[in-house]
Amino acid sequence: MKLRAQFDRGTYSESKGSFKLRDSLDPMQPEPSSREGNGLSLTLQPELLARMPGAGSSSGTETGEDVRVPMGSSSGSTNGRGATSRRMRTASHSHSHTHGHGHSHEHESDSGESDLESGESSSSISELRYLLRWLKKSLPFIVILCAKLVIQHALGLAVAVGLFTTFMYVNKSIQTQVFLHDRRTNLHCAWLLLFLTSSSLLVFYTFHTQSLYRCLFFANATIDYHNFWEVLWSVGVTNFILKFIFMGFKCLILLVPCPLMTYRRRGQWYMLIEEVGQLYQVIAPVPLWFRYLVSYDEMDTSVGLTLGILLALLYLIMKLLALYGLSGSLQKTLRTFFSPEVNGAPASPAQIREAGDICPICQADFKQPRVLVCQHIFCEECIAQWLNQERTCPLCRTVITDKVHKWKDGATSAHLQIY
């Protein structure tokens, strides 16, 4: 009995050791071949089976073989769950595919637009670089060509610069003298008139062979009307001389003594002279350009003459439209010139004493004080001079008039009428 008990304890210890070793190696491993069926079978080791109740008799007969235990439900339930899981996977896959496809389409369109914009910007940059490279290579020739043109037309360019400089100087001087009002210098005004006259006569004398003075009276100058540059030259000189003539009229207005003409009336004369001068400058180049458009060489056919007449008629239509626009401005100027201009009402002595007896503009005693709608008092000449360029009160910015006559300050338009 002692020997049998020792033998049983030894056998139990060996089986326990082997069970621990098998347990570390995961005794319940599914067989790969069994995954192809509807169920799942596990392979149990003999040692694990020996510990199970009721397995004592079978353990002695099948000691060296594994036991397979099927796990899972019936084939119907297994197929149902498999189909359900497959449908869920298919639905989720289709949803993710659709969502991913929409996002991919948006990303593709955005990337296409960005690629197009980047391509356009790169092409424009490359064109700009090509242009700069071409200018860099052609710069020496451009300088040589400009030098040749300057030498060839040195006299004409010098006259053009002189006429423009004279115009800017006299125009600024006239505005300064108008602003000075009573403090203007008659000697300086006379000098401006003499300077304008001498400049005009010098130009006519220098180019006396072309008879440019005839263009002032819409007559034909002795120039080649087939040459575009000569016609353009005649138009430019005529325009500057006309500006000088009307600026001379403004100098004559400046020389009129103050008792004979008020400042407000002077401003109306300046405005009328400028409007008439601009209208005359629009009409003056018409004969020159008309003859240039209808002129033809002996080699030209009747088609060339017909085309020239058609172009001349189109030019006349354009000039008539321009004159129609200027006629409205001239009518407004004439109405302003012949209508009395009143700014405010005469101020009472009490209002003058309350204001302090000093004009806020000229900082001197009031001369013909006028009270505005805002109850501020100014000299009549001072407020008239202010309202030539502004519409509001100098102190409170209340709107006094809705008209601004910009030519009342003696300025002359710098626009060069070349057509």
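Heads up, residue numbers simply count up from 1 along the chain you see.
The backbone N, Cα and C atoms fix where each Cβ goes, glycine too.
As recorded in Swiss-Prot, the features of this protein are as follows:
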COMPBIAS  31-44  compositional bias 'Polar residues'
COMPBIAS  72-82  compositional bias 'Polar residues'
COMPBIAS  84-102  compositional bias 'Basic residues'
REGION    1-120  region 'Disordered'
TRANSMEM  141-161  transmembrane segment
TRANSMEM  187-207  transmembrane segment
TRANSMEM  217-237  transmembrane segment
TRANSMEM  240-260  transmembrane segment
TRANSMEM  270-290  transmembrane segment
TRANSMEM  303-323  transmembrane segment
ZN_FING   359-397  zinc finger
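Of the Cβ pairs linking the transmembrane segment (187-207) with the transmembrane segment (240-260) and spaced 6 or more residues apart, 3 or more are under 8 Å, so the two regions touch. Below 8 angstroms of C-beta separation, residues 163-164, 166-167, 170-171, 174, 177-178, 182, 184, 186, 189-190, 192-193, 196-197, 199-200, 203-204, 212, 216, 266, 269-270, 273-274, 276-277, 280-281, 284, 410, 412 of the same chain, each at least six residues beyond the ends of the transmembrane segment (240-260), sit close to that stretch. Per-class residue totals from DSSP over the zinc finger (359-397), listed helix then strand then coil: 7 helix, 8 strand, 24 coil.
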